């Protein structure tokens, strides 16, 4: 029963891989997963099928993803340490506010944020996609790290204070090294969500030179007339490959991360 | 009045209560450290709080990004009442949410329970079921869905073996949304992982005791699993509802941005995007955003109220 369900779940992905290896005319006529005619040309042809080669789109996506990961790790870990281990006036209130933003649907902020970014002349730049990540706007990751930091014994901070460490030294030398699992979870989640993100790039990037991979893929349906399905599936598969790779490498952290935020 | 400098405090600080000063100083130092750590977050909150109120203001204006916003009172909301496309977008979003969320949660719970029976190869199964939920919102998968279900697609080929003449899943207004609901169910993996973690926390001795007392499997499920898992079901329900109300990419890619065929995939946020970013009706888009916010808040509140009657907290 589980085997059948698993096969059904994986079938669409396998079909995509198989279609990417078939000549376009066979995609909808040859129903078997094992191509009867192989066409490896879909990959090199698809790579250059659009206005720019996919190298451009992959590099763009990669730049945004790497900077987003750095931004989230730095800003969210600072905020999380403040919430989890320091005592200051208004902490409870701010924490409640932070949890509140976690539930706030992003579309409410969309129009004014767009106006601000437009006034700053940031349309057609990566700033609207990157800057918010450096300002700890992803409450989910703060929450994940707070949960993790709270589970560390408070004796650690006391011992560090005895040894003359201020809060920054304690954060940097004592807490941070212990938080690597939470950071790994954050990095992987950020990777997957930013890599797949469509809406932000759609409204902020209009210059095709700046396009990310999802925006580029969308152009395959705009130029549907050619019906280069094989190429489209080849590039679709390549766009998913990094996510699948990260998933296989970081499954442990993902499952743990999602389970702890859901349970507490 | 004592000047702050005489007590060794920084200038401008007045220490009325000298013995408490060191303690207060320590407190101030702690506050300063805390606020420093939160500094990026504080700035980020400005990017959240100010737009939040700005969009509320814009909801009552006519604004096209070029001219200054013009106050029109309830004009946008009145217009919404007469907007057939808005009504259609609400209908699409509601149908999608209220069909796909319960279905995917039931599947998620069912599969999690099957996986929790100590079967062999659990990590493999978990990976196979979880992976689609990480890919489901991506352009590549929606494109794939479009062609799997497309008129000559693989699904109709499969139905053809059984002599069923499949519909035009993506071209027939009666089926386009169904295609996306199936896509949503395909991504049941993330609630499933949470359910699975919750199921593992239920002590097996409860089931053993129930079995000794002769309780059937169904009875065990109803009297042990459901109550102990109810906080997690509740969490998953809230999360799925909130995100499902905001569906965008699926409708956009499936219809090439139009919401077609015949407006059958015009999700609320897709229509909001069209209003705001194709036609630059920023005031109307803001008003729409607030209506959806109120709808989401109302459903969340309703859930919290109802939770009193069915969610069971152990402690």
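Each Cβ is built from the backbone N, Cα and C atoms, and glycine gets one as well.
Looking at B:205-223, B:224-242, B:243-261, the stretch flagged in TrEMBL as transmembrane segment turns out to be B:224-242.
With a cut-off of 8 Å between Cβ atoms, the residues of this chain six or more beyond the transmembrane segment (B:224-242) that come close are 97, 101, 104-105, 108-109, 113, 191, 194-195, 198-199, 201-202, 206-207, 210, 296, 299-300, 303, 307, 310-314. Of the candidate ranges B:94-115, B:127-148, B:287-311, B:287-311 has the most C-beta pairs within less than 8 angstroms of the transmembrane segment (B:33-60). By the Cβ criterion (distance under 8 Å, sequence gap of 6 or more), the transmembrane segment (B:175-199) is counted as touching the transmembrane segment (B:127-148), at least 3 such pairs being found.
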